[in-house]
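Beneath this line is the structure, given in structure tokens, with notes to follow.
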Amino acid sequence: MHRSAMYRQSFLWYSVLIVSCIDLSVKANGQVAISMAVTVRNANNETMTYQVEPLANSYAELGEGPHWDGETQNLYYVDITAGKLLRYSYKDDKVYEAKIEGEDLASFIVPVAGTSDTFAVGAGRRVIIVKWDGTSTTAQVEKTLFEVQKNDKRFEGNRFNDGKCDPKGRLFAGTMRYVGDEFEHRWGELYKYEEGGNVELVKTDVGISNGLAWNEKTNKFYYIDTTDFEVKEYDYDLETGKPGIQYLFLFPCNINCKKSSVFFSANPKVVFNLRRDSPKNHLLPDGMTIDSDGNIYVATFNGHTIYKVNPVTGKILMEIKLPCKQITSAAFGGPNLDILYVTTSARGNEPKPAGTTYKVTGLKAKGLPMTKIQI
């Protein structure tokens, strides 16, 4: 069954006019594919059109953690609650997936530097090293790289969530509760792993550790705790891998590392506030990426939208609309780093095409290369 529908709508969103053309396809296997052509006209009457297209057979119930590997021209991402790894091959225009043997969760995936088949993956409160050839339907755990939040019953319902490397290959990954209320029990933490095995505690008092991005030109680090409804900016020392702020204290840690440190900034800058007129209407910021001009792209888990934001002014430059409510994350990829790949979720019985992974073209923006982990 295939049908096309075209309609024109005008909404005033921050002085931007949106005109949409939607193509809806229902395939024989019941999958719903929705493509969108969106024309944006700004206050100066300038127009541009971007395309939103689904990747075929890209479904993940809780798609997350997109990582573009420029060397192999592959997009890697995960289906968190299924414990699966997925790979979209740009060359083949095809998605492959694998279940990690013996694991129920897979929170993020980052390729290991110097390899083509080895990945760091968040699994529960561990980061594991996984072998996958990219085509087999199963992937094998090679070893545990490190584990956090051990020996404390408070953390038994926690798991890793988003994880990403800074431009030097240091892995930053944070935890959250997946049993209970993340807003009430802020027992998540943000950690940093450096080559050689040193693990440091970066931040405590986290509800849902989420989006991460770095601007190497301006020495800034952007971080999202979803339960704060905002994006914060920190100064960042790229040479030391510290968020440019003071050490408050050092203490023996309860993870397999030599020492642990808590970084603290008295004055992080809020660059994007997603609170609305009442708590029930607050938008939930999720994953995040950054372009070569330093603009950040913030996915909203309950908003059908990725917001392109200038973090210097806080101004929303564009609202990128998707046909799914739960937008989880985004990453620039493609040969020219000008395709925005977007993961989504189908949690809570969201209707199709929820869970589809999309590509957005025509944005007239380019991303920054993503970095592999140095272990």
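Glycine is treated like the rest: Cβ placed from N, Cα and C.
Annotation source TrEMBL lists signal peptide at 1-28. As annotated by TrEMBL, domain 'SMP-30/Gluconolactonase/LRE-like region' applies to 62-345. According to TrEMBL, the feature divalent metal cation binding site maps to E64, N210, D286. According to TrEMBL, the feature substrate binding site maps to R159, N161. Residues or ranges marked as active site, proton donor/acceptor in TrEMBL: D286.
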Do you know offhand how many angstrom separate N210 (divalent metal cation binding site) and N161 (substrate binding site) by C-alpha?
-> 7
Cα distance, E64 (divalent metal cation binding site) to R159 (substrate binding site), nearest Å?
-> 14
Note the Cβ centroid of E64, N210, D286, the recorded divalent metal cation site, then list each other residue of that chain whose Cβ lies within 8 Å of it, in sequence.
-> G65, N161, D162, I208, G211, I224, T226, G287, A299, F301, T328, S329
In the domain 'SMP-30/Gluconolactonase/LRE-like region' (62-345), averaged pLDDT is 92
Measure from the CA atom of E64 (divalent metal cation binding site) to the CA atom of N161 (substrate binding site) and give the result in Å, rounded to a whole number.
-> 9
Taking the Cβ of N161 (substrate binding site) as the centre, how many other Cβ atoms fall within a 10 Å radius?
-> 28
